[in-house]
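The annotation transmembrane segment is assigned in TrEMBL to 34-52, 78-96, 108-125, 137-157, 169-189, 195-218, 288-309, 329-347, 354-373, 385-412, 424-442, 454-473. Residues or ranges marked as domain 'Major facilitator superfamily (MFS) profile' by TrEMBL: 39-477.
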Amino acid sequence: MAIIGHKEELGDPRLTRLAQADDIPWYRKPNLRFLYLIMIPTCLGVEWTSGFDSSMMNSLQAVKSWTDYFDNPTSSRLGLLNAMYSLGALMSIPFIPTISQSLGRRRTILFASSIMFLGAALQTASTNSDMFLASRWILGFGIPFAIVNASSLIGELSYANERAIMTSLFNASWFVGAIIAAGTTYGTFQMSSTWAWRLPSLLQIVPSMFQVGFMYWCPESPRWLVSRDRGEEALEILRRYHGEGKGGEEFVRLEFALVQATLGQERELKKRFVWADVVRDAAMRRRFLIAAVVGFFTQWSGNGLLSFYMKKILGLVGITDNRTVQKVILSNTCWGFINAVPIALIAPRFPRRTMFLTCTIGTACVYTVWTVASARSAIENSAAASIPVLVFIYVYSPFYNIGWNALAYTYMVEIFPYEQRSKGIAVEQLTVRFAVFFNTYVNPIALDAIGWKYYVVYCVWILVEIATVYLLFPETHNRTLEELSFMFEGKEAQERVAKNVEIELANVDAKETETKEAVEHKA
């Protein structure tokens with residue numbers, strides 16, 4: 001339980017108990033197995049684009065043909081080239097809830113993929129820095145639409161027993177794109193032609209091609225279908241993918257009733273103006289505050305330096321050879337993937353607050369040692385100090401992944417009801433992009449100006465993160481989405497939902513009886 005705010009009130013636990021009683025693993029359920037496999041290219045693949053972009057822009061700084069072609073960009077110009085991606089993302093945020101609710105999860109992802117197709121093509125064909133900047137803006141404009149809807153679709157389609165793990169794997173997929181970009185750039189960086197950077201830019205189209213190519217076989221969110229009065233389609237999807245386990249029919253009946261009742265309650269409370277829910281009441285303000293905090297912390301925990309400016313970090317401790325820099329970037333990205341996947345499988349099994357505190361305390365310790373080693377290298381001019389810096393660059397990754405990588409989207413999906421979920425993740429993306437814009441634009445200037453002393457800022461800031469997590473974050477572990485929908489609204493809201501659930505169950509039973517009687521009558 002969070003220290004600040006009212007005690008959380010959880011909803012009807014019957015669905016959680018039914019899921020816990022189902023001991024049939026997902027891989028022995030053919031339809032659910034297919035669903036999880038099709039989510040790899042259609043949903044998890046969205047993060048491949050994000051990871052590819054960050055890693056590519058990090059690596060291009062050590063590609064001579066890129067720096068020569070764009071006139072060896074200064075710190076401020078380099079910052080702008082990186083930050084333009086976030087600026088494009090910031091411009092798209094206000095439109096995400098409306099377009100998501102209008103098109104649905106699947107078609108919004110396809111819409112975003114089309115935008116990113118255009119951006120990657122323009123980036124590949126760039127003939128000057130202005131054209132490159134425009135392509136970065138277009139890519140950035142498209143990515144939040146895809147991230148918000150892909151992460152929501154994973155949470156809304158996955159079976160209760162695997163939902164937290166699937167949403168945790170979403171962020172871990174970032175490393176797939178990052179490894180491909182780092183590996184491609186390592187393979188092309190010695191090319192003398194502009195294809196040393198054009199080829200990685202062209203490959204940025206590939207993840208979007210996966211979304212477009214495989215989305216036909218991915219079902220729509222049942223919650224979106226219910227919100228559009230297409231309940232029969234939603235029920236059919238739930239039966240197909242959630243009804244294969246022990247007590248599957250009872251699970252689907254109760255899940256459908258909970259979705260209907262919860263969405264009915266949400267409709268009564270939501271405001272007509274799409275963004276008015278942000279400040280609607282104390283409960284909703286708390287949700288959006290947590291979303292903003294999570295977005296900012298995921299990018300301002302020191303990871304921005306590693307994601308975009310590894311060349312400058314290594315330069316501060318005397319490592320300047322471009323081939324060595326490329327090797328460190330590639331190996332660190334591979335190491336991130338190696339530890340991120342098992343962490344994504346393990347972290348959701350533990351309380352969220354425990355994992356977030358482990359993450360923040362661990363990164364604080366790493367940054368402290370890293371800062372001391374960098375200071376020694378600068379003050380004593382000691383080459384030996386580069387060794388602990390390198391070591392703790394690699395140690396940083398597991399601690400960061402325990403919380404901000406594995407659980408960020410899992411937590412966002414859990415704390416928001418359906419009607420506000422796209423808005424909540426959009427707000428999280430808003431602060432992500434503000435933080436990344438700051439990181440990408442300010443970090444190179446600060447590193448050039450004050451060197452290792454800039455790390456002290458992060459050491460202090462991560463202490464603020466520890467306090468915020470401890471005081472503000474509620475516990476959501478081991479609960480279904482509908483149980484968590486009104487956890488901040490109090491017992492009265494929960495009782496209304498419980499009453500509506502019984503009404504919806506009666507309606508489902510009545511429809512099933514009518515269907516059986518109609519079939520028997522025809523026979």
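Backbone N, Cα and C atoms are what each Cβ position is placed from, and that goes for glycine too.
Fair warning: this is a prediction, and the values are worked out from it, not measured in the lab.
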* Quick one: do the transmembrane segment (454-473) and the transmembrane segment (288-309) reach 3+ CB pairs under 8 Å, ignoring pairs fewer than 6 apart in sequence? -> yes
* Asked: Sequence gap of 6 or more, Cβ distance under 8 Å, 3 or more pairs: do the transmembrane segment (354-373) and the transmembrane segment (78-96) meet that?
  -> no
* In this predicted model, what is the average pLDDT of the domain 'Major facilitator superfamily (MFS) profile' (39-477)? -> 88
* For the transmembrane segment (108-125), which recorded stretch in the set 137-157, 169-189, 288-309, 329-347, 424-442 gives the largest number of Cβ pairs separated by under 8 Å? -> 137-157
* Structure fact -> Across 34-52, 169-189, 288-309, the most C-beta pairs under 8 Å with the transmembrane segment (195-218) come from 34-52
* **Selection from 169-189, 288-309, 424-442, the stretch that has most Cβ pairs under 8 A to the transmembrane segment (385-412)** => 288-309
* Structure fact -> Checking 169-189, 288-309, 329-347, 424-442 against the transmembrane segment (137-157) for Cβ pairs under 8 Å, the most are found for 424-442
* Structure fact -> If you count CB pairs under 8 A between the transmembrane segment (329-347) and each of 169-189, 288-309, 424-442, the winner is 169-189
* Asked: Is the transmembrane segment (424-442) packed against any residues at least 6 beyond its ends, judged by a Cβ distance under 8 Å, and which are they?
  -> 76, 79-80, 82-83, 85-87, 89-90, 93, 96-97, 140, 144, 147-148, 151-152, 278, 287-288, 291-296, 298-300, 304-305, 308, 408-409, 412-413, 415-416
